[in-house]
Amino acid sequence: MIKTDVLVIGAGPAGSTAAKHAALGGADVILVDKKSEIGAPKRCAEGVSMGGLESLGIKPNPQWITRKIEGVRLVSPNGTSVWLTSDTVELPEAGYILERKVFDKHMAMDAARAGSRIMIKTLARSLQQEDDGYIVNLETMGEEFQIKANIIIAADGPESRVARWAGLNTATKPKDMESAAQFEMVGVEMEDNHCIEFYFGGVAPGGYAWIFPKGDDIANVGLGVLSTKTSKSAYEHLLEFVEDCPATKNAQPVELNIGGDPVGGMPKKLVTDGLMVVGDAAGQVNPLTGGGIISGMTGGMLAGKVAAKAIEDDDTSKERLREYEKLCHESIGKEISKYLKVKDYMLSLSDEELDSIAEAFKDVEFEKISTTELVKKLVKVSPRALLKLGKLF
Amino acid sequence: MKVNDWCMYCGECAGVCPRNLIEVKETSIIFSKEECKDCRLCMQVCPIGALEPEE
Ligand SMILES: Cc1cc2nc3c(=O)[nH]c(=O)nc-3n(C[C@H](O)[C@H](O)[C@H](O)COP(=O)(O)OP(=O)(O)OC[C@H]3O[C@@H](n4cnc5c(N)ncnc54)[C@H](O)[C@@H]3O)c2cc1C
Ligand code: SF4
Ligand code: SF4
């Protein structure tokens, strides 16, 4: 049987970051993923903020960045556009569009360079608790084997099952699982292909539609819906959207991506004896935007560091690992709770209300663009927003 | 629950199954049918309608 200090299950951005930091902290680390190619197929629109990467100490690399973003276009149901571009406003949270298939692999390579052992095409199937950790049953190329680990980091994404095997209640409720479908398309005719676009209202009940440019006439065109708010599938909504949207009606898909985004916030408990849960598996996603790369990597970094220290102290009890839970709730958790309230408010708006907010926004002068700045302005232009969100921002 | 062959193995159904019964491999998916309570939550969230109730 293979033995290790830390076993990370799932080599998405959160898992690779956890593995990297646990290894940098001196622990023996194994990182497993069921996929034969880490990062593929992507389940993502590939947008990240520059500040987010910086906070994780990751230098932007032209190998995995396809486009630098210079603005945002918000489109209301009747087509009213609000443009926020770098000619007119400061962009402290400007971003990049990644090539996730390359980015995820690079993050796993960083984990390997830090000393982690990577096992691809390796599926975790179940686990049993032992006095000083877990025995995990895995499968690779038809063969079953076991790994004994003192600490498990469950980084198995939105399909999260691992933490539940250890008794943590991390299942996502359908009302909190955004169902998403996206085409990567060619022949997209955007008004400005350096800006990301968001479309609100009935096009995507419970969520929104997006167009994220990847350079030239290529873009990720997708949407997320809450299945509790529509009887159609995300894919059916996507087909309607690309047919109706002026930018995409002549475009052709070269890739279909589907997946879930847990937008209900973090569960209270993120640890149990010898186990921590990170990333989408821990609901570490901004519930308003659905963005989970940076927050999941932040969770991964915190878990990796705490894991290494716990191994060094020879104490992997849940009391010891609670340091991770506390750090997460203090950092990522506060933001998530705030944006959950904004999401609830946004969901309560009708298409007409969204149109009138867009109309009012057209004349608003912005100094900076960030999700927080947008919400602050929203509070100023909408009396209902002031009542519901005034105290938050 | 019947899985149609256009399933793309995204795992979304696994994340919501309250009984943790769905295992999604790289290109296959397994249900533990005996324990399934037919609540159909998995069916509800699938982004491409790949799940159908068994006849
Ligand atoms: C359509 C869509 C668009 C999105 N757009 C954005 C965006 O623009 N920006 C953004 O920040 N976020 C976006 N997100 C969210 C983002 O993709 C996730 O938050 C992020 O990938 C979470 O990272 P993770 O490491 O937690 O999980 P994942 O990236 O999902 O990685 C989990 C890994 O675990 C593996 N795994 C699962 N089970 C097992 C097992 N039993 N054994 C072994 N391996 C296993 C999987 O193969 C996978 O590689 C989007 C999501 C969707 C669905
Ligand atoms: S949610 Fe649908 S597409 Fe995704 S794995 Fe389940 S059945 Fe397949
Ligand atoms: S019907 Fe319900 S219990 Fe059965 S597999 Fe689907 S979600 Fe799980």
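Residue positions begin at 1 at the first shown residue.
Cβ coordinates come from backbone N, Cα and C, glycine included.
Listed in TrEMBL:
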| type | residues | note |
| --- | --- | --- |
| DOMAIN | A:5-47 | domain 'FAD-dependent oxidoreductase 2 FAD-binding' |
| BINDING | A:Ala14, A:Asp33, A:Cys44, A:Ala45, A:Gly47, A:Arg100, A:Ala124, A:Asp280, A:Gly292, A:Ile293 | FAD binding site |
| DOMAIN | A:176-259 | domain 'Digeranylgeranylglycerophospholipid reductase catalytic' |
Candidates A:Ala14, A:Cys44, A:Ala124: member of the binding-site residues with the richest Cβ shell (10 Å): A:Ala14
Contact set, same chain, for the domain 'FAD-dependent oxidoreductase 2 FAD-binding' (A:5-47): CB under 8 Å, 6 or more residues outside the stretch: 56, 66, 69, 95-105, 107-108, 110-111, 114-124, 134, 136, 138, 147, 149-158, 162, 180, 182, 196, 210, 212, 214, 220, 222, 255, 257-260, 278-281, 284, 291, 293, 296-297, 299-301, 303-305, 307-309, 311-312
Annotated FAD contacts A:Ala14, A:Asp33, A:Cys44, A:Ala45, A:Gly47, A:Arg100, A:Ala124, A:Asp280, A:Gly292, A:Ile293, maximal Cα-Cα distance (Å, integer): 29
Same-chain residues at least 6 apart in sequence whose Cβ lies under 8 Å from A:Gly292 (FAD binding site): A:Asp261, A:Gly279, A:Asp280, A:Gln284, A:Val285, A:Asn286
Structural state census, the domain 'Digeranylgeranylglycerophospholipid reductase catalytic' (A:176-259) (DSSP three-state): 12 helix, 39 strand, 33 coil
Distant-in-sequence Cβ neighbours of A:Gly47 (FAD binding site), under 8 Å, six or more positions away: A:Ile69, A:Gly95, A:Tyr96, A:Ile97, A:Leu98, A:Ile196, A:Phe212, A:Gly291
Structural state of A:Gly47 (FAD binding site), classified by DSSP into three states: strand
